[in-house]
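Asks: Taken from Swiss-Prot, the feature L-serine binding site covers Thr233, Ser234, Glu235, Glu287, Ser387. The annotation ATP binding site is assigned in Swiss-Prot to Arg264, Ser265, Glu266, Glu351, Ile352, Ser353, Ser354.
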Amino acid sequence: MLDPTLLRQQLAKLAECLLTVRGFTLDVAALEALESERKRIQVHTQELQSLRNSKSKAIGQARSKGEDVSALMAEVAAFSDDLKASEIALEEIRTELEKVALDIPNLPQQDVPLGADERDNVEQARWGVPRTFDFAIKDHVELGACHGWLDAESAAKLSGARFTVLRGPIARLHRALAQCMLDLHVSQHGYEEVNVPIIVNADSLHGTGQLPKFEEDMFSTQLGEHRRYLISTSEISLTNLVRNEIIEADRLPLRMVAHSLCFRSEAGSGGRDTRGMIRQHQFEKVELVSVCKPQDSEGEHHRMTRCAETVLEMLGLPYRKILLCTGDMGFAATKTYDLEVWLPSQGMYREISSCSNCGDFQARRMQARWRNSVTGKPELVHTLNGSGVAVGRAMIAVMENYQNADGSITVPEVLRPYMDGLSRIG
């Protein structure tokens with residue numbers, strides 16, 4: 001959520017900026033009307049509260065002197081209903097204003113390129129050289145079919161479309177990838193491993209920005225009166241660990257990593273990537289989350305992105321680093337780097353990691369703060385998140401980049417200790 005003072009003091013300028021950089025239309029007239037009404041009701045409420053307080057004080061003084069207070073009590077009773085109604089009206093209009101604020105996306109940093117969509121993203125760097133094959137290559141679906149490793153038919157029987165059953169060596173490779181990533185981030189990058197719930201409440205999703213705007217993207221479950229949601233990323237669970245917390249300065253930065261199942265409805269995918277495992281309803285991801293002081297978030301963003309890059313480099317997978325434009329960034333992000341891995345069957349790079357600095361946007365929604373050691377006062381933290389990386393897509397990239405003419409897969413050297421020394425599967 002943006003700083004409310006922007007809505008109150010710089011509304012026209014904010015609306016123009018949001019339209020230009022985010023393509024988001026803010027109804028200025030409606031918001032001005034709401035704010036004007038809020039001020040009117042608030043002034044009226046405060047006047048009545050002040051009157052109540054003065055009358056209550058007078059009643060107390062009169063009673064202490066043994067005087068009759070019935071007239072004063074009657075005066076209080078005369079406006080108490082008005083005060084109660086005014087307080088309710090004030091709360092209602094504050095809720096309306098908050099609903100508007102919760103739907104407004106974060107503002108990009110000044111160095112984020114202006115653009116409408118992914119075509120305006122800017123490539124920052126490349127690593128590795130795509131392999132040249134001397135045989136007809138297969139995509140991951142064909143490679144999986146050769147050995148019965150990827151079973152979409154059984155998954156469809158169990159759950160429907162966009163699910164896959166992994167069998168045998170490929171299931172083992174998938175597990176090895178996740179374990180290897182976790183070990184790297186914990187042992188070499190200094191992240192704390194955290195095992196988090198994959199079912200969360202609505203407050204958690206409000207905190208990180210999935211609700212109320214993106215509810216259609218979420219799977220949910222209802223038990224009695226309690227509605228819960230399956231996480232689309234463990235960023236949700238990890239980041240909300242600091243919700244309503246005040247963190248001492250010497251504990252920052254907090255760096256956490258989790259390997260979890262993730263669930264997405266893919267409501268807006270428009271039929272894209274229906275073949276294979278590129279876009280699934282259920283998938284696994286190793287997620288990185290950092291919580292830091294505001295002055296440290298830019299450096300932390302570069303560090304986190306570099307940690308994700310290291311995963312691809314240790315696997316020997318060619319990739320490129322992309323700076324997202326204003327129109328392609330996520331709702332809560334103020335700056336995002338995507339990492340795209342090379343897929344030989346498609347002859348192109350595909351997203352495998354997205355690393356975002358959210359500034360104080362999520363922290364304000366969560367009331368996540370740190371205690372400034374100089375002033376002694378609580379201030380909003382900055383939050384960052386990044387895939388370190390998507391496990392299923394990493395498996396696809398390994399299958400395709402390490403395939404052999406006979407349909408077997410060479411196991412990357414770094415994964416062999418996790419697979420009892422196997423150098424090849426299939």
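Heads up, the Cβ atoms here are built off N, Cα and C, so glycines get one too.
Can you tell me where each of these features sits in the structure?
Replies: Sequence-distant neighbours of Thr233 (L-serine binding site) (same chain, six or more apart, CB under 8 Å from its CB) are Cys262, Lys285, Glu287, Asn385, Ser387, listed in sequence order.
With a 10 A radius on its CB, Arg264 (ATP binding site) counts 20 other CB atoms from all the protein chains.
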Asks: For a quick check of packing: other C-beta atoms within 10 Å of the C-beta of Ser234 (L-serine binding site), how many?
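Replies: Here the count is 29.
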Asks: Using a Cβ-Cβ cut-off under 8 angstroms and a sequence gap of six or more, which residues of the chain neighbour Ser353 (ATP binding site)?
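Replies: Within the chain, Ser353 (ATP binding site) has Cβ neighbours under 8 Å at Ala308, Val311, Leu312, Asp338, Leu339, Gly386, Ser387, Gly388, Val389, Ala390.
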Asks: Just to verify: the residue among Glu235, Glu287, Glu351 with the fewest other Cβ atoms within 10 Å, which of the binding-site residues is it?
Replies: Glu351
Asks: Between Arg264 (ATP binding site) and Ser234 (L-serine binding site), find the distance joining the two CA atoms and give it rounded to the nearest Å.
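Replies: Cα-Cα distance, Arg264 (ATP binding site) to Ser234 (L-serine binding site): 12 Å.
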